[in-house]
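Visitor: Right, I'll just put the structure down here and ask away after.
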Amino acid sequence: MATARPSSCGRDSVPATPRASIDVSLVVVVHGGGASNISPGRKELVSEGIAKAATEGYNILKAGGSAVDAVEGAVTMLENDPEFNAGYGSVLNADGDIEMDASIMDGKDLSAGAVSAVRCIANPVKLARLVMEKTPHCFLTGRGAEKFAADMGIPQTPAEKLITERTKKHLEKEKLEKGAQKADCPKNSGTVGAVALDCKGNLAYATSTGGIVNKMVGRVGDSPCIGAGGYADNNLGAVSTTGHGESILKVNLARLALFHVEQGKTVDEAATLALDYMKSKLKGLGGLILINKTGDWVAKWTSASMPWAAVKNGKLQAGIDLCETKTRNLPTC
């Protein structure tokens, strides 16, 4: 199992004290999906994209934005980047179409919004937030979600403009190989996500995906499902997950990780226990990012790789593979 943590000693030394007695740090952690090894030709682009997304989220927090603002902003950046399987660059289903899923949650009051199987929306995470804030519901799907988007003034983006040459070739390759995705081989699992802690101690998560390549039409995975694709609760923490969607759904991975936090485990221990359970029970591989209410964070995965980046106290850390962490200070101005 691979782990990225905020210090060489394994975790921050912040004690688990009541929120009123601590100085809340601004924290943003993002991931670009747990999958097979990323080709050398793409690593630089992926690293650059994930670092930009984390920086965007952190800058939103620095400017006084909320945790919800930060995770939406970070995930929007990744949806707009063709190197990631969300928004522009989403993988294609068996019919060669895009069907995207996303969810978002505010840990302050457990407000949540999600959409699934949307086609002509460039930024599904923005639509998920509107579901959270402008409807009495938590989840809209397919045509209903797209009608709601039109009602909210979100412009339609022709599906063909969201499709890239890389995703076309990816689908062709999968059809030739005739391989259904196995739980222990998440080569087609791409998801993006973010978690954040703001200056008021509020937590949030957002997750967005194009799903798995060559999936059945109408297939919905874990990403839009609250508790599986992510969860946020100010009393516990915030999580965004990635990996084999069916396995993540079956174990409710995000809430499972926070259950272990609730039982007094560190973020590292909680992530390990949750991912190990999914692997031992279902052979499911994946990853997650997790922040607790005091600002401790971890990025952990059982898949071959997982692009991630985190910003805390003005310091950016990022990586893709095990033992590959780069650190730099962000500009102070």
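Backbone N, Cα and C atoms are what each Cβ position is placed from, and that goes for glycine too.
Okay, so Swiss-Prot annotates it like this:
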{"type": "ACT_SITE", "residues": "T191", "note": "active site, nucleophile"}
{"type": "BINDING", "residues": "R219, V220, G221, D222, T242, G243, H244, G245", "note": "substrate binding site"}
Visitor: Please state how far apart, in Å and to a whole number, the two most distant Cα atoms are among R219, V220, G221, D222, T242, G243, H244, G245, the recorded substrate-binding residues.
Guide: 16
Visitor: Roughly how many Å separate the Cα of T242 (substrate binding site) from that of T191 (active site, nucleophile), to the nearest whole number?
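Guide: That separation, Cα to Cα, works out to 6 Å.
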Visitor: Tell me the Cβ neighbour count for D222 (substrate binding site), meaning other Cβ atoms within 10 Å of its Cβ, over all protein chains shown.
Guide: 31
Visitor: Return the count of C-beta atoms lying within 10 angstroms of the C-beta of G221 (substrate binding site), excluding that atom itself.
Guide: 24
Visitor: Counting other Cβ atoms within 10 Å, pick out the least crowded of the binding-site residues R219, H244.
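Guide: Output over binding-site residues R219, H244: least Cβ neighbours within 10 Å is R219.
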Visitor: Around T242 (substrate binding site), how many other CB atoms lie within 10 A of its CB?
Guide: 35
Visitor: Give the three-state DSSP assignment (helix, strand or coil) for G245 (substrate binding site).
Guide: helix
Visitor: Which one is it, among the binding-site residues V220, G243, H244, that lies nearest to the residue listed as 'active site, nucleophile' by Cα separation?
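Guide: Minimum Cα distance from the residue listed as 'active site, nucleophile' across V220, G243, H244 lands on G243.
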Visitor: Starting from the Cβ of the residue listed as 'active site, nucleophile', draw a 10 Å sphere and report how many other Cβ atoms land inside it.
Guide: 36
Visitor: If you skip the near sequence neighbours and keep only those at least six away, which residues in the chain come within under 8 angstroms of V220 (substrate binding site), Cβ to Cβ?
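Guide: Looking at Cβ-Cβ distances below 8 Å from V220 (substrate binding site), excluding near sequence neighbours, one finds D101, S116, A117, T141, G211.
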